[in-house]
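Chemist: The feature disulfide bond is assigned by Swiss-Prot to C154-C222, C155-C187, C171-C181, C188-C201, with similarity to another entry given as support. Per Swiss-Prot, the feature N-linked glycosylation site maps to N170; the stated evidence is sequence analysis. Per Swiss-Prot, the feature topological domain 'Cytoplasmic' maps to 1-23, 84-94, 255-281; the stated evidence is sequence analysis. Per Swiss-Prot, the feature topological domain 'Extracellular' maps to 45-62, 116-233. Here Swiss-Prot flags 24-44, 63-83, 95-115, 234-254 as transmembrane segment, drawing on sequence analysis.
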Amino acid sequence: MGNAKRATQNDEDYTFVSPVVKYLLFFFNMIFWIISLVLISIGVYSRIVKHETALACLTVDPALILMVVGILMFFITFCGCVGSLRENICLLQTFCIFLTIMFLLQLLAGVLGFVFSDKARGKVTDMFDNAIKHYRDDLDLQNLIDYGQKQFNCCGGISFMDWSKNMYFNCSDDNPSRERCSVPFSCCLHAKEETIINTMCGHGMQALNYLAASAFINTNGCIDILVNWIHSNLFLLGGIALGLTIPQLVGILLSQVLINQIQDQIKLQNYNQQHRSDPWS
């Protein structure tokens, strides 16, 4: 009789749910939950500090992107955290489904970007042209463009003449700006030993032909150089893309394993409950 009771007690204490899987999934989601709060905070801060039209030149406000990504990540990781901790199948399935959808959307975006590379290039060119037009409107945008032009040794989207699309650098005769026919200093060729940057080095460069201007500034556009850089660093970009997808695949795998374990545990509990009520069944 005593052995039968101990056997029944052991069956009730036994669990299919692995603590390793359960708490690994919990801490995995906790890390990304904290990251989501950081993204939301940065996005909200940027929206409050910046003027409404500060980054209107871009297709989508980066602060808004951060907020949307942060809120979406917060919801998904919340489902993962609570679902794993409380062993809630509904929340875990929600977590798994959203992660799967995100993974498939990223895969689809990569395929579409490769198939429609010409349209993607045209979209990037339009964005760069818009950024040029608003170069003086926002300091952060200005610093971003200057950093890109210095980093890639380029000037403008297609060529340095693109800077004529900016009202201050426009080369038309009726432009009263002191920067007429100029380009930003980030287009200039700087010697490595040069410690003081001449911010007026791009003055009047649009009035020169390509050959004459190339002695003072980078005349090649940033779009072609960016495309060449992407082609030269495909393995690096592929590694980054893989690094972004691995956590998602790990999350999907762990959540699915935990769901199966919880379902097995529920079956065991139902069996034990039925066995207690009818030991002869």
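Each Cβ is built from the backbone N, Cα and C atoms, and glycine gets one as well.
Situate these features within the shown structure.
Modeler: There are 23 other CB atoms within 10 A of the CB of C154 (disulfide bond), with all protein chains counted. C154 (disulfide bond) falls within neither a helix nor a strand when secondary structure is assigned with DSSP, and so counts as coil.
Under 8 Å, Cβ to Cβ, and six or more positions away along its own chain, C181 (disulfide bond) finds S164, F169, C171, G204, M205, Q206, A207.
DSSP assigns C188 (disulfide bond) to a strand.
Neighbour density for N170 (N-linked glycosylation site): within 10 A of its CB lie 18 other CB atoms from the protein chains shown.
For the topological domain 'Cytoplasmic' (1-23), the model's average pLDDT works out to 67.
If you look at the transmembrane segment (24-44), the same-chain residues 6 or more away from its ends with a CB under 8 A from one of its CBs are 63-67, 69-71, 73-74, 77-78, 80-81, 84-85, 95, 247, 250-251, 254-255, 258.
Same-chain residues lying 6+ beyond the ends of the transmembrane segment (63-83) with a Cβ under 8 Å from its Cβ atoms: 25-26, 28-30, 32-33, 35-44, 46-47, 50, 55, 89-92, 94-95, 98-99, 102, 251, 255.
A Cβ distance under 8 Å defines the sequence-distant neighbours of the transmembrane segment (234-254), meaning residues of its chain 6+ beyond its ends; these are 21, 24-25, 28-29, 32, 80, 95-96, 99-100, 102-103, 106, 110.
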Chemist: Find the shortest Cα-Cα separation between C154 (disulfide bond) and the recorded positions N170, C187, C188, and name the residue that gives it.
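Modeler: When the Cα distances are compared, C187 comes out closest.
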Chemist: To the nearest whole angstrom, state the Cα distance for the pair C201 (disulfide bond) and C187 (disulfide bond).
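Modeler: Rounded to the nearest whole number, the Cα-Cα distance is 9 Å.
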Chemist: How big is the Cα-to-Cα gap, in Å, between C188 (disulfide bond) and C155 (disulfide bond)?
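Modeler: It is 9 Å, counting Cα to Cα.
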Chemist: Counting only residues 6+ away from its ends, which parts of the chain sit with a Cβ under 8 Å from the topological domain 'Cytoplasmic' (84-94)?
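Modeler: Contacts of the topological domain 'Cytoplasmic' (84-94) (Cβ under 8 Å, skipping residues fewer than 6 from its ends): 17, 22-23, 25-26, 29, 255, 258-259, 262-263, 265.
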Chemist: Please determine which of the disulfide-bonded residues listed here (C171, C187, C188, C201, C222) has the lowest count of neighbouring CB atoms within 10 Å.
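Modeler: Result for the disulfide-bonded residues C171, C187, C188, C201, C222: minimum number of other Cβ atoms within 10 Å at C171.
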Chemist: Can you tell which of the recorded positions C155, N170, C187 lies nearest to C222 (disulfide bond) in space, using Cα positions?
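Modeler: Checked the recorded positions C155, N170, C187; minimum Cα distance to C222 (disulfide bond) goes to C155.
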